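Asks: Annotation comment: TrEMBL describes 633-650 as compositional bias 'Basic and acidic residues'. If you look up TrEMBL, you'll see 29-133, 143-246, 248-325, 339-428, 434-514 marked as domain 'Ig-like'. Marked as region 'Disordered' by TrEMBL: 283-303, 624-650. Residues or ranges marked as transmembrane segment by TrEMBL: 563-587.
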Amino acid sequence: YQLPRVGSRVCAECLWSCGGPRLPPPGVPGEAEQPAPELVEVEVGSTALLKCGLSQSQGNLSHVDWFSVHKEKRIPIFRVRQGQGQSEPGEYQHRLSLQDRGATLALTQVTPHDERIFLCQGKRPRSQEHRIQLRVYKAPEEPNIQVNALGIPVDSKEPEEVATCVGRNGYPIPQVIWYKNGRPLKEEKNRVHIQSSQTVESSGLYTLQSILKAQLVKEDKDAQFYCELNYRLPSGNHMKESREVTVPVFYPTEKVWLEVEPVGMLKEGDRVEIRCLADGNPPPHFSISKQNPSTREAEEETTNDNGVLVLEPAQKEHSGLYECQGLDLDTMISLPSEPQELLVNYVSDVRVSPAAPERQEGSSLTLICEAESSQDLEFQWLREETGQVLERGPVLQLHDLKREAGGGYRCVASVPSIPGLNRTQLVNVAVFGPPWMAFKERKVWVKENMMLNLSCEASGHPRPTISWNVNGTASEQDQDPQRVLSTLNVLVTPELLETGVECTASNDLGKNTSVLFLELVNLTTLTPDSNTTTGLSTSTASLGCARASFLPQRKLPEPESQGVVIVAVIVCILVLAVLGAVLYFLYKKGKLPCGRSGKQEITLPPSRKSEFVVEVKSDKLPEEMGLLQGSSGDKRAPGDQGEKYIDLRH
């Protein structure tokens, strides 16, 4: 027979009037106490396997009806006929399937709404049934904690909100526990109150909100609060913790004091910060004052926006007695700090006596250095030009003064206990004497028709003046009180190449001269250093095949002309051999004043009428004779186009 139906439900009352299985009416207990249902636990979103506990014989499982019990009402959800399953219309129509040869009903995509009792009922014997309790679980999200950013005053009469903890999308409702500094908090009358509430989402999951209220004291200003959610899953009990938070705690100021940075001994030039501190929250309004050493009255100093007095750079005048005042804007009570002495160490008034010493050569001089300081001083004397330490102590003795002893001497006064604290004083010692030149003779390599800057330096006391023997733009610059540098800007002309340039330094005690020889740069060799200096006492004759000159650029000879170049080289070598023979002949005749132990200077009279020149003529281009040029650096005569000379004048 077919059970009558009301909508999708089986009419349970009709089962009593029909000859079918007997079921008690809804809400009416059976004649015997029913056993406890089998417990099945699953997580939200997974599949629940509901096993029918009837006899496992194939005949008992070939005719089974499945029901869900909701609000004490049985709702048919699935039936099995001849081993074939079919879902009943309703909320489970598309989520049920038969497994394990009909012994298990699988429910997919479990939700919190599925937490209920399911039962299976067989046709025989006597409508046997098996009850299953389905439990659903869902872990909540990580707890979110929000602290009371406005803060809590310690003088509050009742508990104030400390923080709020929220745990979202959990099932069933998790349990919340509050902690302070790692210890759990419990309800305490007029001290701790925990207020919790929950919201059911449309998905059936719960959102829990818990508010912690407490009365705090000053010692709680650094306390760490957090909440913990405890929940259960099929695998067991679990928990999740929030981050730790600190709530602002407001308490009155009891003490004010000063703090100076940097810590330790201060010196002039340091950046010094003086700030006020207090043990209240919020801090009071600060002001800093310094005692006037003359009137002994406190004078308020100007501070920045943060109430910090910045001394940059610190000076010895900043030393003194400082005090801070903290004004509580709520109570309008002002609290002073203890006065604090500030000492800025210094070294000042470094002086040397005599201040401008002048001495004759051969005399002696005593220099004495003095200074003022807040600490013990050390002195040392340095030579200004070289930085060499001459003496350690305030007195420097100079004996048998020479011209070279003139110049700068620096006294350094330092505090050894404070690195970097020192001051210096420079004194210039003048030694009477005629001008002394930096060089007597110097060779300068130039190009014709170029503008040339020549320099000449002289020292002496009294201060010398410098003059030039050629016209040009000259300027002088003092290097120190006894040393002067003169610069001449002049055009290089053939006449200037012949005569050279002289600079003369003079003062009341005499004069001195330096000579600058101008030489043309040789294009076929590397350009010599323009600062080459030659002494007065040595001059070496330089022999070569050609005189240095500027030559026009031409194309190199073709390979077939290389034989001609080789012939020219051989000719030059033969000429040198002949020259050597001539010199040897003259030496034997006593015409040459050359010694056997070293070189002598070959000199010629200024008239140049007896110049001894060996001429080599060639019809080749000057470039082809480039290999024959010597390194003497002599310049070519303006009319010389292809002739080569070995000039014995230099």
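One-based numbering along the chain as shown.
Placement of Cβ uses the backbone N, Cα and C atoms for every residue, glycine included.
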Asks: What is the number of residues in the domain 'Ig-like' (434-514) that are helix, strand and coil, as DSSP sees it?
Replies: 6 helix, 54 strand, 21 coil
Asks: Are there at least 3 C-beta pairs under 8 angstroms linking the domain 'Ig-like' (29-133) and the domain 'Ig-like' (143-246), leaving out pairs fewer than 6 apart in sequence?
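Replies: With 3 or more qualifying Cβ pairs, these stretches touch.
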Asks: Within the domain 'Ig-like' (29-133), how many residues are helix, strand or coil going by DSSP?
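Replies: Going through the domain 'Ig-like' (29-133) residue by residue, I get 10 helix, 50 strand, 45 coil.
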Asks: Which residue counts does DSSP yield for the domain 'Ig-like' (339-428) in the helix, strand and coil classes, in that order?
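Replies: The counts are 3 helix, 52 strand, 35 coil.
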Asks: In the predicted model, what is the mean pLDDT computed over the domain 'Ig-like' (339-428)?
Replies: 94
Asks: Treating G and I as helix alongside H, and B as strand alongside E, what does DSSP give for the domain 'Ig-like' (143-246) in helix, strand and coil?
Replies: 5 helix, 61 strand, 38 coil
Asks: Going by DSSP assignments with H, G and I as helix and E and B as strand, what are the residue counts for the domain 'Ig-like' (248-325)?
Replies: 3 helix, 39 strand, 36 coil
